[in-house]
Amino acid sequence: MHARDWFLVFIAIFIPPLAVWLKRGFFTKDLLINFLLFLLGFFPGLIHALYVISCHPYEENEARYSHLSSSDDNYGSLA
């Protein structure tokens with residue numbers, strides 16, 4: 001798990017709907033379900049928040065990184 005996900009787990013321990021909101025967004029089914037579970041009790045909301053965080057891990061955008069070729073004819077080129 002990424003450090004951002006661990007931070008969300010820490011937030012979920014205190015306020016589960018806030019962690020789900022930060023992870024999935026405001027107008028989502030996950031937030032509505034978590035809020036309803038949180039109204040039923042703290043532990044159902046916590047378990048659902050941990051489930052949402054683990055099912056949707058943080059992924060860095062690797063499209064902004066490009067790999068350089070190993071051939072010598074491209075030495076010094078940027079593309």
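Using N, Cα and C of the backbone, Cβ positions are placed for all residues, glycine too.
Residues or ranges marked as phosphoserine by Swiss-Prot on the basis of a large-scale study or a structure entry: S71, S77. Under the heading topological domain 'Cytoplasmic', Swiss-Prot lists 1-6, 54-79, citing sequence analysis as support. What Swiss-Prot lists as topological domain 'Vesicular' is 28-32. Per Swiss-Prot, the feature transmembrane segment maps to 7-27, 33-53; the stated evidence is sequence analysis.
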- Please give the sequence-distant neighbours of the topological domain 'Vesicular' (28-32): residues at least 6 beyond its ends with Cβ less than 8 Å from one of its Cβ atoms. 17, 20-21, 52
- Query: What does DSSP give as the helix, strand and coil breakdown of the topological domain 'Cytoplasmic' (1-6)?
  - Reply: 4 helix, 0 strand, 2 coil
- Near the topological domain 'Cytoplasmic' (1-6), which residues from the same chain, at least 6 beyond its ends, have a CB less than 8 A from one of its CBs? 53-54, 57-58, 60
- DSSP residue counts for the topological domain 'Vesicular' (28-32), split into helix, strand and coil: 4 helix, 0 strand, 1 coil
